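Colleague: Pasting a structure below so you can have a look.
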Amino acid sequence: MVVHSSLLLTSLVLIGLLSHITETISHGNCEGSSRCTYVVRVRPPPNFSMDMSPMNLEDWYRSFLPPGMARSKPQSPFIHTYREAILGFAVNLTKDEAEYIKTNDGVLMVYQDNLIPLLTTHTPDFLSLRPNGGAWNTLGMGEGIIIGLLDTGIDFAHTSFDDAGMATPPAKWRGSCKFESAHCNKKLIGGKSLIGGENPDAPTDDVGHGTHTASTAAGRFVQGASVLGSGHGTAAGMAPRAHLAMYKVCNEQGCYGSDILAGMEAAIADDVDVLSISLGGRPQAFHEDILAIGTFSAMKKGIFVSCSAGNSGPLPSTLSNEEPWVLTVGASTMDRQMKAIVKLGNGRTFVGESAYQPSNLASLPLMFELDDSENITGKVVACELEGSQVEIGQSIKDSGGSGLIVLGAEDSGYTTFAAAHVLPASYLNSPDAAAVRQYIKTSNKPIASIIFNGTSLGTTPAPVVAYFSSRGPSTTSPGILKPDIIGPGVNVIAAWPFKVGPNRVDEHGMAFNSISGTSMSAPHLSGIAAIIKSAHHDWSPAAIKSAIMTTAFVVYDSKKPILDEKLNPASHFTIGAGHVNPSEVINPGLVYDTDVEQYTLYLCGLGYTDSEVETITHQKGVCSKGTKLAEAELNYPSIATRASAGKLVVNRTVTNVGDAVSSYTVETDMPKEVKATVSPTKLDFTKEKESKTFTVSLSWDASKTKNAEGSFKWVSSKHVVRSPIVIF
């Protein structure tokens, strides 16, 4: 997901219909004879084989359709057919036709299609990833790993995707690149265009989002990258030697579930290693959530999935992508600032940000945007952020305005955005914006100037959680701590398919842009997961997630806690296990592994029916056998529990992935009102991949303790394996 500083995609998600629909198709009201797109999830017959030919598969799917539709050969009635992500198909139906299909005993679910919103040069340095002497030297750069992205497409011509120094794609790659309008290489090895059905066009990017996320995950080294001269440096993705595959499932309106599912279908079939998903919608029960169902299938095939946490913060329980089999990633700031200093007529100055750094703007009359009757020619306009900063600035410029001050909203705290503006501008944080509002209201002739002071590194505090980053607790599964992790997601500079700024020209090759959102943080973690997978090909998605979570840091710079947008200590419902720490992820010492069976029994423990669990897992009759797993018993690298319970006793199992002979001692850190014990207190390993189980016991006075946070950690001579505990 992206909070866009040049194009606010999420404001467009309800506009129009997908361009591929040629008849009257609605994704909203399906009353009467109008048609809507539906996804139909079916149960396999007893003799079903995954090797069934595409023609036979389509014939079988036709058997679920109303008689008139089923006989509509030779033209296929289907938008998409699926066999990897789910068994089923997407098709345009009237409401009555959808009801007819639901009556078939072989149909598990029928979903009306819905629109899901799309939710950097300095980042590698900030994360201690440097080609000479940094963590890349010991970690590797993702060699031999394929990262698939579900997004808006990619700029094939961008220099970030050149293949100099790249190895040949691994032999397991089953995808293709056969486009007349674009050419792949050893970096960008393939992809598909899937909006409204698969089509032969190359998955090119006319939005920017997909190019940006792809280069963040695995863009190659590009010297001299900047946004309009700001943030100048060498650009690189997290895994610059990993291969990329782009599945175009989104446009400027957003992404339809049927197309997203087709993207997951293709990525699974193509055998990608990591799937990066920078989109997400409102929380839903897992059996009603296309993303949760498709990502479960990906996880079963060993694919690691990194997802955006959502941009609906700072309110609690606003998460997207809550399922425990994916990594849910929140957004944080870096220590870089592109300074645009606002000076008011009363002498007060405020440090804001802008990626566009022109000559200083001399003092000019200052006005609120709200006074429509006033002429803005030659004035600085102060605006609330409602939509795209850049588009607001363009409107002001077109009307004769000379400058823009974007006023941070009250709940946005100290978060600031550095956009590629088209006129002199500055984005001010919430406290400074309040002072500017007060000055305009109380001054007879308010004036302001903007002084551009370039890019500075090492600003503190950093990292700080972005205000927009969605928070827990999870609504779908409160006993699983979400988000899992935070990573860089504010003012991330990465590849862009066209020029930005005041002299925008649609030309390819060397354009970069600064944008923000959990859309930006998720591909950082996708790239880091690729590095881990490259070093440990046999690790499961759960083991990779565990390595990321248990090595995360929660304090920085001499033990200062990570802060939220208001500069208060951030809770674990804000940061998850903490901020990603790439220098430690390759060798975590111990991992908490989880398999498909555990996830399935966990779903039974949540109270899902056999049919609902089958919809998610493709396994029939699991829950009726009687075995269930409580949320707290899922072998997760964190613990979350309701305060009303007063106590919790859970088991966890760790697997040794460090030195064969090693010893770990437990340390607990909980508030005094919570009694915490771990048994045994010491774990001695004698071989690699040896597993040991321990018990965590917590107790507290439920009448007095409503919220408490802490952790336990297993400590050896080489490793600290930390797991957060949250009582809420």
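In case you wondered, yes, glycine gets a Cβ from its N, Cα and C as well.
TrEMBL annotations: computationally assigned, not manually curated.
So TrEMBL says this about it:
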ACT_SITE  ASP151  active site, charge relay system
ACT_SITE  HIS209  active site, charge relay system
ACT_SITE  SER519  active site, charge relay system
DOMAIN    57-114  domain 'Inhibitor I9'
DOMAIN    142-578  domain 'Peptidase S8/S53'
DOMAIN    633-727  domain 'Subtilisin-like protease fibronectin type-III'
SIGNAL    1-24  signal peptide
Colleague: Across the domain 'Peptidase S8/S53' (142-578), what does the mean pLDDT come to, as a whole number?
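Modeller: Mean model confidence (pLDDT) across the domain 'Peptidase S8/S53' (142-578) is 95.
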Colleague: So, by DSSP, how many helix, strand and coil residues make up the domain 'Inhibitor I9' (57-114)?
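Modeller: DSSP composition of the domain 'Inhibitor I9' (57-114): 18 helix, 17 strand, 23 coil.
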Colleague: Measure from the CA atom of ASP151 (active site, charge relay system) to the CA atom of SER519 (active site, charge relay system) and give the result in Å, rounded to a whole number.
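Modeller: ASP151 (active site, charge relay system) has its Cα 10 Å from the Cα of SER519 (active site, charge relay system).
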Colleague: Can you grab the distance from HIS209 (active site, charge relay system) over to ASP151 (active site, charge relay system)? Cα atoms, rounded to a whole Å.
Modeller: 7
Colleague: Taking every protein chain shown into account, which of the active-site residues ASP151, HIS209, SER519 has the largest tally of Cβ atoms within 10 Å of its Cβ?
Modeller: SER519
Colleague: DSSP-wise, what's the residue breakdown of the domain 'Subtilisin-like protease fibronectin type-III' (633-727) into helix, strand and coil?
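Modeller: Its residues divide into 4 helix, 57 strand, 34 coil.
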